[in-house]
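Scroll down for the structure; my scribbles are underneath it.
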Amino acid sequence: MDVTAKYELIGLMAYPIRHSLSPEMQNKALEKAGLPFTYMAFEVDNDSFPGAIEGLKALKMRGTGVSMPNKQLACEYVDELTPAAKLVGAINTIVNDDGYLRGYNTDGTGHIRAIKESGFDIKGKTMVLLGAGGASTAIGAQGAIEGLKEIKLFNRRDEFFDKALAFAQRVNENTDCVVTDTDLADQQAFAEALASADILTNGTKVGMKPFENESLVNDISLLHPGLLVTECVYNPHMTKLLQQAQQAGCKTIDGYGMLLWQGAEQFTLWTGKDFPLEYVKQVMGFGA
């Protein structure tokens, strides 16, 4: 790719950042489409995020992706949020229109699209959702919008717990989906929830390198063959949770699906063009 002064810059702001496949994926897509943009990753944490946003405006960047730990904080630094992003309380995409920043969340649409592409109909189904950060809440919100009957959130009683309760209340008030939030330490409640669930989704970073030997499911017998197990983590490709699920006879969807579909939507938001989906699947080796 020959980058010239006519190229516009798109970023990714996250910490840590080196594990991300987004720069490779987006740059391959941009080059294939022949578009005058380049995508770069920037190591940005909560403390440096405000300054990074000022830099985005000053450099007239087209926009940026936002990942952990900045997804919720980023809502405070945009001029407009989509209705879905308001429901989530977190964004993963910022589009810069001449200094006016719009915030979107494509995590939820990406993950639900990956589930649908597998042939699974979520309408009327029950999901057990692990975590209450930006990815989890995005998936929960989009799932509720698209027809999930019930979402059972399980997360540790940490700094996200009160935010999870507030998220559950927003979804309950604005959709027909029933959302509950339970401390993950309550393993009896967790076991009972899994027994009647249709989908188990890991929206946490548990299982991501260098913690690839970890899983929030401590007992593989809690997983049953009728359960669809989906993952947000894609590094490693086969997380411990997915290994457990396959051993238990569950159908699984890896983190590449969410990465691909959320990235496709981001691409269109930034460029106004269609994402070269089949090409990217081939060159990135996603295969699904």
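Each Cβ is built from the backbone N, Cα and C atoms, and glycine gets one as well.
Features of the protein shown, as given by Swiss-Prot:
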BINDING   Lys71, Asp107  substrate binding site
BINDING   Ala132, Gly133, Gly134, Ala135, Asn155, Arg156, Arg157, Asp158, Lys205, Cys232, Val233, Tyr234, Asn235, Gly255  NAD(+) binding site
Site of maximum Cβ density within 10 Å, from binding-site residues Arg157, Lys205: Lys205
Site of maximum Cβ density within 10 Å, from binding-site residues Ala132, Val233: Ala132
Cα distance (Å, whole number) from Lys71 (substrate binding site) to Lys205 (NAD(+) binding site): 14
Binding-site residues (Lys71, Asp107, Asn235), the one with most neighbouring Cβ atoms at 10 Å: Asp107
C-alpha spacing of Asn155 (NAD(+) binding site) relative to Asp107 (substrate binding site), in angstrom: 19
Pairwise CA distance, Val233 (NAD(+) binding site) versus Lys71 (substrate binding site), rounded so that it is a whole Å: 16
Pairwise CA distance, Arg157 (NAD(+) binding site) versus Lys71 (substrate binding site), rounded so that it is a whole Å: 19
